[in-house]
Structures are given as structure tokens and as C-alpha cells.
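Data first, discussion second: the structure below is written as C-alpha cells.
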Amino acid sequence: MVYLRYFKGLILSDAYAPGLKWSDELKAYSALAFKYRDVRKYFLEKEIEVEENVIDSLPFPLIKDKIELRDYQAEAVKAWLKEKRGIIVLPTGAGKTQVALKIVSIMKVATLIVVPTIDLITQWKERINKYLDFDPGIIGGGEDSLKGITVITYDSAYTRAEELGNKFPLLIFDEVHHLPSEGYSIMAQLFASPYRLGLTATPERDDGKHELYPILVGPIVYRKSVEELAGKYIAKYKIKKLYVSLTNEEKKRYDGLRKKLKDFLSSRGLKLQNLDDFHRLVKLAAKDKEAREALLAWHESLNIAVNSQSKIEKLREILQEYKNEKIIVFTRDTQMAYRISKTFLIPVVTYKTDKDEREEILQKFRDGEYRVIVASTVFDEGVDVPDATLAIVMGGYGTKRQFLQRLGRILRKKDKEALLIEIVTKGTADYRLSRRRRE
């Protein structure tokens, strides 16, 4: 017989299994708690009797399942249940939350739902109340209540992983693309939870760390793209690119800055073609004045390209042409968002906007009192944005994730074709960012 137990983010065993190492301090074989499922499976396959005190689960609450799934959502649930581990990839607006809560309802085990933002805590709480008729526990944003279904931020899960690591058999990671980052990946390894679900619209990461998914949460078990769902479950859509040029003054300034950057890179035998190259430049800039000036030149030239005055004029034309549509204008930074707000007298939402004001703006947009709003990256994740029929992206978004998140904001109503317009500055870094995102 083998005895397994949990201790502060570790599993301890009095017998060896692959993945365990002897600890003189603990007088036991040990491993990070996420190895629990594999270690237990090893002993059972060897027909070794296991006595364990690992999972000390909170009781599962009384719920009332009110979830009706679409065909693809039911397929996703079925795919995950085969191994009770893995990631479900669905576009923004395709109902990942309903899929997850159906799994919670089927599994009927204590569940910890890990989310990146306070706004997502609020969103999940509302959905759990709506679909499961249960008021969940909340950890984060000043609240600290533990229940059989609890929603927690990634940061709080990180700080309390050792304490909570054996309380929840089912672990759900919303926006799971955050998980492979250094601190959060350690957090996931401190939980013994044998059942794990990841949710995202965009699993790939620029740094390649999505390769850690199989270890931390499981492989991708189900995936549907925007294209596969458009028309039947979410709106049909078109993407239109409109090109503008820098003003003469902007072009002169832009060319000077790019020359400064190019000259520096050439003098040091460096390139700036990918993320690794950029990280090398940032590291060098920390100790080298010329590298720092080159990095500033890169940043300033990108700002000129992304926030060109020509884009403001093109936006004016678009707002006039589509004056009967509900429109969200997305900007790369808050400076451009406030500039557009001031120019066109449009309500603006950025990270500086307090929660009450933001909710008021969104509600008025939802009710039709506001027809156009402008937002910076605050809408990327965790904000329940009302339906819009037109999204205008003011450029500067090099990642596919950001682009798909913006597209998802206009795909919720399937009775009308949605349109996304991207305004791109020709012959600049803005153009190259746009091309990279489309590849």
C-alpha cells in the first residue's frame, strides 16, 4: 500500500513513482501537486493499493442547470469529457462560459474558476447566477468568500495556491493564454486538481509558451474558428482595409526616426525582425545610451504611424458614411482614444475610466443613447461589451489575438452582417504590423 498526501503545493508519497524525488527534509518522495493525477494513475496501473489524503474537497453546492447548448457547444463538452482535461478554443461571443458551466454541472465537483480581471469575476458571477441558479464564492477585488464554486483572479490564485491547492477537483482557466507566463504557470503546478479546463479564443502566444498547455491544463481538445461559425451562430462579417498616408510633416519626422534606428542596428550588427530581436534591444537599452535612444526612436516612429492625423480624417469620413450603425472605435493607446473623443465628441472608455462611469457609458451604448464609443485596449478582455455592427480599428495591432477580440465584439448578432474596418498607414511600421497579424 502507498500513502499519498498534500502539503503546501506538493504531493508526498512513501513510495517512488516517475516524477517524484526523495526529500530529506520532508522524509518522503515529493513533486509539485499537479503531478497528482499521473502519480495516482501510475500506482493504480501497477495494481498498487493507494491510501490518500490529497484532495480535501469543498462540498459541491445545490445548483439548477438552465443551460441549453448549441450543437458545437455540446461537441466541445463531449470532447473535453473524454479525458476531463484540455482546452476549448471558441471565438469571442461564441459562448465559452456556457460550455464551461455545463461541464461544471455534469462533473458535480468543487470548481475554482480562474480569471485575469475583476471585470471577468463580475461577468462569471452573473452567468453562474443565471445558468446554475447559484451565487458563487468570490476571491479578488476586495471580496474573500470560499464556496463549492468559486471565481478567483489569476493573481489571487497565485498568492493562495498552497492554501487552496487541494480544495477543488476541477480547475477552470478562463483566457488560458495567460497561464503559461512564468508566475501563473507555477501557480497551476501547485494545484492538485485532476480535472482541468482552459478557455480561450486565441491559444497561440508570440513567445511560444503555448507549448506548456499539455503539462499545465491539457492539449487543445476542441476548436472552432470565426469562419466556421459565421452565418449560423454568429454574424457573417467582412473585413475592409483602408489605407492612408502620413502628412508631409509626419513623414519627415518618421523617416528621421527610422534612419536613426536603422543606423544604430547596422552599427551593432543587429536586426529587428522578430520578438526575440526586440527583447535583445530592450535588454541592451537598459545599459547602453545609444540603444536606449534607438528604442525610443522605434517607439516614437510607431506612434507617428499608428496615430497619424490622416487616420483622424479617414475616421471622419467613415463616421459620416455609416451614420446609422452602432460603432466601436478601437485605438492602440489612450492618447489616441482621448484625441478622437475630443475631436468628435464621442464617449471614451480607457483604463483610466472608473467602473461606474464605464458601466454608464456601456449601458447608454446598449440602450442606443450613444451610437458611437471609442475604447483603448480596455476592451481586450473581461468587459461585457454591448452589441455593435461596425468596429473601426485604428491600426497598430500586431497580434492576431487583439484583432480577433475586436472582431468578436461585432459578431454577436447573427441577423445582420458585421463589418470591421482597419485603417492602416501605408509604407510604415503600422502597415507591417497589420500584415504580420494577417499571416
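Even glycines carry a Cβ here, placed using N, Cα and C.
Remember, it's a predicted structure, so these values are computed and weren't measured experimentally.
Per Swiss-Prot, the listed range annotated as region 'ThM region' is 248-307 (candidates: 248-307, 308-367). Within the listed segments 18-21, 134-137, 174-177, 182-185, Swiss-Prot records motif 'DEAH box' for the stretch 174-177. Checking Swiss-Prot for region 'Flexible hinge region' across the ranges 67-74, 115-122, 227-234 points to 227-234.
For the ATP site, whose annotated binding residues are LEU90, PRO91, THR92, GLY93, ALA94, GLY95, LYS96, THR97, ARG127, the maximal Cα to Cα separation is 18 Å.
Cβ neighbour counts within 10 Å, taken over all protein chains shown, single out LYS96 as the most crowded of the binding-site residues LYS96, ARG127. When each of the recorded positions LEU90, THR92, ALA94, PHE278 is scored by how many other Cβ atoms sit within 10 Å of its Cβ, PHE278 comes out lowest. Sorting each residue of the region 'ThM region' (248-307) by its DSSP state yields 50 helix, 0 strand, 10 coil. Each residue contributes its Cα atom, and for ALA94 (ATP binding site) and PHE278 (site 'Wedge residue') those atoms are 35 Å apart.
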